[in-house]
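For reference, the structure discussed in these notes is given below.
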Amino acid sequence: MKPCSVLVVGGTGYIGKRIVSASLYLGHDTYVLKRPGTGLDIEKLQLLLSFKKRGAHLVEASFSDHDSLVRAVRLVDVVICTMSGVHFRSHNILLQLKLVEAIKEAGNVKRFIPSEFGMDPARMGQAMEPGRETFDQKMVVRKAIEEANIPHTYISANCFAGYFVGNLSQLGTLTPPSDKVIIYGDGNVKVVYVDEDDVAKYTIKAIEDDRTVNKTVYLRPPENMMSQRELVAVWEKLSGNQLEKIELPPQDFLALMEGTTVAEQAGIGHFYHIFYEGCLTNFEINAENGEEEASRLYPEVEYTRVHDYLKIYL
């Protein structure tokens, strides 16, 4: 892969900072969008300066200043947006429409990677509210990209390990339970777990690959496609601790929404689609439909196995 110039929008965020690091590591000329107010956030500022020390260029631009966005995207071949679309952090998906307009006006961008990195919104048209809002808004952004004829790649990264592996996919915690574990349904629905650093590696691999132009790239590392019960079994073997398993029927799981915040309801809905309906694995990836799978495209990437990821929690 020859080096290219890359602008990361949202480069101080959870996934964005990893994508910046992967871009730098793979030798790309990397630009990071810096918003005017960042100087008042010491953690974000220090992270940006650490990227600068490693060779990244900081580009000041604002979503409220169209011309500044146009100037920023004119500097690069590839734009990657990693703005948050989860309710419990922030919800900025539709801000990307301003970025689409800037890319359209600039006319030089060879690839745009919008902020997706989760479940494929094109397959979530029947998702329940309020979590469906995320998918609907991502489809609005897709429509704008495609109507503007902007070359693009959609990344469907499935379940981030930090949120779904270390906690054995339990709600309300990020670390493994010590005595009992809630099993969703029978716990045998297949799920896909991906280390966030691997999400970044696969994303950067895709940006100059002609095979991924105007396609959806699914991240399905084969050894990380497993059921929740299989995930629990891996942890039990590593820790030597057998957990009490409590099966939660679908109707009881959905009842957890009652009395919760909108953000919590969205999260519960997403869990339901993943662990009860199997939305991540209940379809075949079909190249004829504009779909590719990352581990097949890039077998050289040594992705982190669930077994190895869990070792940090021992």
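Just so you know, glycine gets a Cβ as well, placed from its N, Cα and C.
According to Swiss-Prot, the protein carries these features:
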type: BINDING; residues: Gly10, Gly11, Thr12, Gly13, Tyr14, Ile15, Gly16, Arg35, Lys44, Arg142; note: NADP(+) binding site
type: ACT_SITE; residues: Lys138; note: active site, proton acceptor
type: BINDING; residues: His270; note: substrate binding site
_Closest of Thr12, Tyr14, His270 to the residue listed as 'active site, proton acceptor', Cα positions, binding-site residues only_ = His270
*asked:* Between Gly10 (NADP(+) binding site) and His270 (substrate binding site), how many Å separate their Cα atoms?
replied: 23
*asked:* If the NADP(+) binders are Gly10, Gly11, Thr12, Gly13, Tyr14, Ile15, Gly16, Arg35, Lys44, Arg142 per the record, what's the largest distance between their Cα atoms, in Å?
replied: 28
